[in-house]
Structure formats: C-alpha cells, structure tokens
Amino acid sequence: MIDLKLLREDPDVVRRSQLSRGEDPALVDALLTADTARRTAISTADSLRAEQKAASKSVGGASPEERPALLQRAKDLAEQVKAAEATQSETETAFTAAHMAIPNVILDGVPAGGEDDYAVLDVVGEPRALDNPKDHLELGESLGLIDMARGAKVAGSRFYFLTGQGALLQLGLLQLALRLAVDNGFIPMIPPVLVRPEVMAGTGFLGAHADEVYRLEADDLYLVGTSEVPMAGYHADEIVDLSEGPLRYAGWSSCFRREAGSYGKDTRGIIRVHQFDKVEGFVYCAPADAEAEHQRLLAWQREMLAQIEVPYRVIDVAAGDLGASAARKFDCEAWVPTQGTYRELTSTSNCTTFQARRLATRYRDANGKPQIAATLNGTLGTTRWLVSILENHQQPDGSARVPAALVGFVGTEVLEPKG
C-alpha cells in the first residue's frame, strides 16, 4: 500500500505516478475522499463513546428524579454509538478497498508509458553470426534435454520434462546462482510454494493479474509464481533487525503461473510455461538504502549472466509495465538468435515500502522507533535461461557448448546430439 502521509501531503505525486503507469488518476481522489470519510467516522464514533461513558457515570450519582432522563440519554447514546460504529466499519472497508486499488508510486526517472517504452541502460556482448540457427526446443530435443511431448501427455500444454543433461544443466545453473548468493551474504532458503491469501495479497499479486495465480479452493491456498511471495511473508507482522544492514535471502523453489493472459504467445518450448524453477533474491532494508540495494541486486544478476556467456542488455522498465508493487524495475534480457531479439532472463524490483506496509514488516530506526521497511527482489537464475544458453552456444554440427562455469555440474564441455 502507498504511504498515506505522502498521499495527504502531496497527492499530485501519486496522480503523476498513476498517469505514468497509464492508470486512472481519479483513484487518488477516491482514496482521499475515502480517507476523509474514514477519519470523520472514527472521530464521530470516538466522541460518542466518550459521551456515552460520561453519561453512564452520571447515572450512578444522580438523584431519583434525575435518573430516568439520564438513563434514557445513556440508552439513546448507546444506539448512536452502535450506528456510528457501523458507519465506521463501512468507511474502513471502503477505505481499504480504495487504498489497495492504487499501485506503488514510481520513483523519479522511471520511463513513462507501456511495454515498449523502456530505456536501454547497457548492452553487453555481440550476438554471434549463426547460419540457420536451431531454436532451443529443436536443440533440446536433439540433445536429449527437453521433452515437451511427454510433458503435454502427462500434464497438458506448456508442461515439459527436463531429462538427462538438461536436468543437470538446470540444477547446475541454480546451484551456481545459490553459491553466488551465499558468497554475497544471502541466507539460502527453500520456502513453501503454497501461501495464504493474505500473503499473496500482501505482495501485490491479487490485483489486476489475479487470474494468473493458481488457487487451491478447498484449502484456500495459492501456488506461488515466485519465491518472492513466501519470502515477503517470512517477516510479516514482525520488527526485523536491520542494525547491521540489509537482510538478504535467496529462495530456491518451483514456481507456477497460469499464463492466462498469454494465449498464443510463446507456445513453443520453455520460454513461457506453467511450472519452472528459480532462485530468487529477496532483501529487507531501510528505505534510505533501497536504491543502492537495487543496484547491488542488478550487479549480482549481471555477474550471473557473465557466467553463462551470453549477449544481453539491461533495460529500465516503463511505468506501465511495472507490477503493482514495484516502484522501479530493471530487466536483463539475453539475446535469442532464432527470434532476433532480446528476451527477459532476470528482473529486479524496488518495491520501496509498498509490500512491507501491507504485511506489517517494520524495523527500528536510529532512535528505536518502529518504521516500515523496504523490500526488493531479483532473479538470480531460472529455467528460461536454458533457452539462451542452448541457442547462443550451439555449434554447426548440432552440438552445444556448455559454459565453463557449468561444466563441473553437467560433467561435459559439449552436449552432443543423441542417436
């Protein structure tokens, strides 16, 4: 949720953020109205309760002649308090809905606009000249790494098996990511992949894109699309100790996405699937440290991309393409030869205090006063990386070179065609 102090003191900042995102700025005025109504209702209910308490006390010391009128007054006030509390409850419900409807306020410098309005911050490496390159699925099948047909037979479209050295390649990649994280002070985690509704909502994933999330109705639990979700809930309703700097976690989990809004997109191969594995970095820090921590996450992602030896670029994602919780997001996109373009391999988001405010995660400032923490997240490795590894390291004889950093995990320097 956005900071109400900012909303009340400078609502135009929130309106401008809404416009940059392509969202309705009228939602800001609706929240201001709901906030005023809620505060008025609380004040009215408090005043009536105080008046009722005083009236009840006066009955005890009243003369017999005064008591009937005072009793009636106390009774009338009790009815008024009941009505005022009902109004307060209604206004609080309306306020919460209006508050939850507004996404995070973007940071200065974030490009305005939609999916295609990003800013390119850096380009690393030159794409190789390849004659008639094979795509990752053709390579994956010929090298015995990916089996989409049996994945579909077992679970339906957008499911797959990673087999043999394909499984080893992914496991090696994720172990490499986890090793990098641990070497940089992250605490490794294997979190739950099912979470309660309040945790999913707290991270901002039950808004406009709720239909992307798998839900187990009988248990009222959600399957996570990223381990960001359980790691954000890890310190819900807690005061965390940031006296020695940010808390950094690295979660390894399977991730699940319905891809409800992507019908017909990336139907071939493992670029867009319902289940994949990922190592995700997650950080709790003081808000003043969040932008510097965002740059650190990006640097660690770039270090991982250097390990797989692929050309990539870094983009500053436009406001309209940010999730509800992100105030800024950087993506690293790797070159995919058969598509002639760059595709996202990592993202890192600065969520400022948006998630922690919803999840009541605080820290103590230098004066010992509890304050809302900031949260950030960033991909350190995921299944989709195999796409770029295979396509960029393919060789004319149909084999694919294994990046040097992964050779020890896979057990070979070259993946050879099977049969």
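A Cβ is built for glycine as well, from the same backbone N, Cα and C atoms used for every other residue.
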45-66, 375-396 - the one Swiss-Prot records as region 'Disordered': 45-66
Listed co-binder of L-serine (same site as T226, S227, E228, T379, source Swiss-Prot) among E280, E291, E333: E280
Most crowded position, judged by CB atoms within 10 A, among V273, L345 as binding-site residues: L345
Other same-chain residues whose Cβ falls within 8 Å of the Cβ centroid of T226, S227, E228, E280, T379, the recorded L-serine site, in sequence order: V229, M231, G251, S253, C255, K278, V279, G281, F282, N377, G378
Beyond the flanks of the region 'Disordered' (45-66) by at least 6 residues, Cβ under 8 Å: 73-74, 77-78, 80-81, 84-85, 87-88
Integer Cα-Cα distance in angstrom, E280 (L-serine binding site) to V273 (ATP binding site): 18
Secondary structure composition of the region 'Disordered' (45-66) [DSSP: H/G/I, E/B, coil]: 16 helix, 0 strand, 6 coil
For L-serine, whose listed binding residues are T226, S227, E228, E280, T379, the greatest C-alpha pairwise distance in Å: 10
Inter-residue C-alpha distance, E228 (L-serine binding site) and L345 (ATP binding site) (nearest angstrom): 16
